[in-house]
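Engineer: Just passing along the structure, written as structure tokens.
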């Protein structure tokens, strides 16, 4: 797909799939509420001087929060995969598979960031300047490769495919590094422009600030969907 087609399709996708957008918002709200309620529960346990109750509530709350967060990560991967397959509909909730994929995505991120970190630390012992320069270059390469790894995981549900670093790097050349940079640069600029416009609501006083905050929250979620869709459409050229 051409850059213009990717941007246009990605911007329209959340609007054409309001149900999926609402699901995403609800999951985020539930995760936030779980954190708040966990904090309240831990606080109540501390006031009651019950270490056991505090510990149990805290552990259960954290587990529930991370399960929901992993579900969100898995759902994001499905949005990417629908982009890869150029489907216009939106994914449904699939708890077991999406939570599992969320765990795989965590592992993938850890591995891809661990390698340049280790190399940078080793080189820094020899020469700090050299370590910094090489580290920055490696982190940039890792970021591009990680984007491809995310798409590989989304498309195959396979951790092995996601961790196939040589193939992920090859995918960068298949998609085109200039196209990747151009798409995300355009999205960043659009995001900054809209954020600036929403920030102008603050001149209306407290009410304007609240309105701006609410609209910013909605726009952030919308933009996240746009980015996931764009990632999938970009990678569709490599499949």
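The backbone N, Cα and C atoms fix where each Cβ goes, glycine too.
Note that this is a predicted model, so its numbers are computed, not measured.
The following feature annotations were taken from TrEMBL:
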type: TRANSMEM; residues: 21-47; note: transmembrane segment
type: TRANSMEM; residues: 53-77; note: transmembrane segment
type: TRANSMEM; residues: 105-126; note: transmembrane segment
type: TRANSMEM; residues: 132-149; note: transmembrane segment
type: TRANSMEM; residues: 180-201; note: transmembrane segment
type: TRANSMEM; residues: 207-228; note: transmembrane segment
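For each feature listed, report its degree of burial, its nearest neighbours and the pertinent distances within the displayed model.
Structural biologist: Using a Cβ-Cβ cut-off under 8 Å and counting only residues 6 or more beyond its ends in the same chain, the transmembrane segment (105-126) has close neighbours at 70, 73-74, 77, 132, 134-135, 138-139, 141-142, 145-146, 149-150, 153, 159, 162-163, 165.
Beyond the ends of the transmembrane segment (132-149), by six or more residues, the same chain brings 108-109, 112-113, 115-117, 119-120, 123-124, 162-163, 165, 168-169, 171-172, 175, 177, 180, 231, 235, 238 to within a C-beta distance below 8 angstroms of the stretch.
Sequence-distant contacts of the transmembrane segment (180-201) (same chain, six or more residues past either end, CB-CB distance under 8 Å): 3, 6-7, 10, 144, 147, 172, 208-209, 211-212, 215-216, 219, 223, 226-227, 230, 234.
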